[in-house]
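First up is the structure itself, then whatever we jot down about it.
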Amino acid sequence: MGLETEKADVQLFLDDESYSRHSGVDYADPEKFADAGLDRDPHRLNSHLKVGFEDVIAEPVSTHSFDKVWICSHALFEISKYVIYKFLTVFLAIPLAFVAGILFATLSCLHIWIIMPFVKTCLMLLPSVQTIWKSVTDVVIAPLCTSAGRSFSSVSLQLSHD
């Protein structure tokens, strides 16, 4: 049994096992992590990170290194990636989480207690400012524009060809 789709007299049959349900980006399978505990990236914020050996280092068909070199470099890549990541997270995760918490707490506080009250105050004052601006426009700017229009309406240009 396969997947059948029809479009413009074309049929496509695929096996369910070989059919990839995602397009291009290799998303982590949530069921795969159900046994290991919580999914640490439930919103798939870092699904674009491809740090596998084959995604970083690739040899074209015309230039291959020795098999032992390829195997050793693959092993060293994976081990160093694992060890360095663990080392960096031990020393950087807690301080960076602390700094990010302070930053987001500060931004949230500023947004809640300063920015939104300021925006609401401006929105409350805008109808009054609009009324005052309309009055200033009607009293000062409209007569100036009317008199300038009348003055320039009496100007006539004549072009002569000499």
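In case you wondered, yes, glycine gets a Cβ from its N, Cα and C as well.
Annotation source Swiss-Prot lists intramembrane segment at 87-107, citing sequence analysis. Taken from Swiss-Prot, the feature phosphotyrosine covers TYR19, TYR27. According to Swiss-Prot, the phosphoserine annotation covers SER20, SER23, on the basis of similarity to another entry. Residues or ranges marked as topological domain 'Cytoplasmic' by Swiss-Prot on the basis of sequence analysis: 1-86, 108-162.
Note on the topological domain 'Cytoplasmic' (108-162): its mean pLDDT in the predicted model is 92. Residue counts for the topological domain 'Cytoplasmic' (108-162) under DSSP (helix as H, G, I; strand as E, B; rest coil) come to 46 helix, 0 strand, 9 coil.
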